[in-house]
Amino acid sequence: MNKVIRRYGFIVLIIIILVVIWSLRPSSSGIEMNHEAASPKIGKSNEKPHISESSGETGIKVDVKGEVSEPGVYEVKSDMRVDDVIQLAGGMTDKADPSSVNLAQKLIDEMVIHVYSSELVLSDGASEKSQSPNPNGQVVLNQATVEEIQTLNGIGPSKAEAIIQYRQENGPFQTVDDLLKVSGIGEKTIETIKEDIRVP
């Protein structure tokens, strides 16, 4: 009888040991659950908003004035040029003087593009654009071409181009002293040419 009891006791002990070992064994299902629980986090990190190259393009505003079909303020891309925004404005009118603007110039924010009338550039229908539109012989800063500006004492091609560029980017000059804002133009230069220039 004691032998039987010891035998069953030994079997029960083995069963208990096996149960303990089994309970301490890592659960494969638990690992799978943890892996599955971690998966959504990985998915979220991959689903961050994608910023396309087009959304990174800078939007700027330019003011188109003068002899264009539809003058106004236009919101355009920063890599566009003067000719592009003039086309958006319906193109130049029949009275426009194409040489009054640099069509190949790149746009900048708050730029003013003023397309002048050929009637203002020419004087009394003269065929030579080099002729001053002012009967007094003065050069009108807001209407003069590069060639006209170069007729001024001490103004060469580079300074003339700088004056035209400033006018295109900032709009018409308000006073003669505004020339001080142009690169390369100082008080001495203005003193030399002030009798030969004017603004409307």
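Placement of Cβ uses the backbone N, Cα and C atoms for every residue, glycine included.
Annotation source TrEMBL lists transmembrane segment at 7-24. Outside the transmembrane segment (7-24), and at least 6 residues removed from its termini, no chain residue falls within Cβ reach (under 8 Å).
The region 'Disordered' feature in TrEMBL is assigned to 35-57.
For the domain 'Helix-hairpin-helix DNA-binding motif class 1' (147-166), same-chain residues at least 6 beyond its ends with a Cβ under 8 Å from one of its own Cβ atoms are 102, 105, 129-130, 132, 139, 141, 179, 181-185, 189, 192-193, 196-197. Marked as domain 'Helix-hairpin-helix DNA-binding motif class 1' by TrEMBL: 147-166 (among others).
Looking just at the domain 'Helix-hairpin-helix DNA-binding motif class 1' (177-196), the mean pLDDT is 91. Per TrEMBL, the feature domain 'Helix-hairpin-helix DNA-binding motif class 1' maps to 177-196 (among others).
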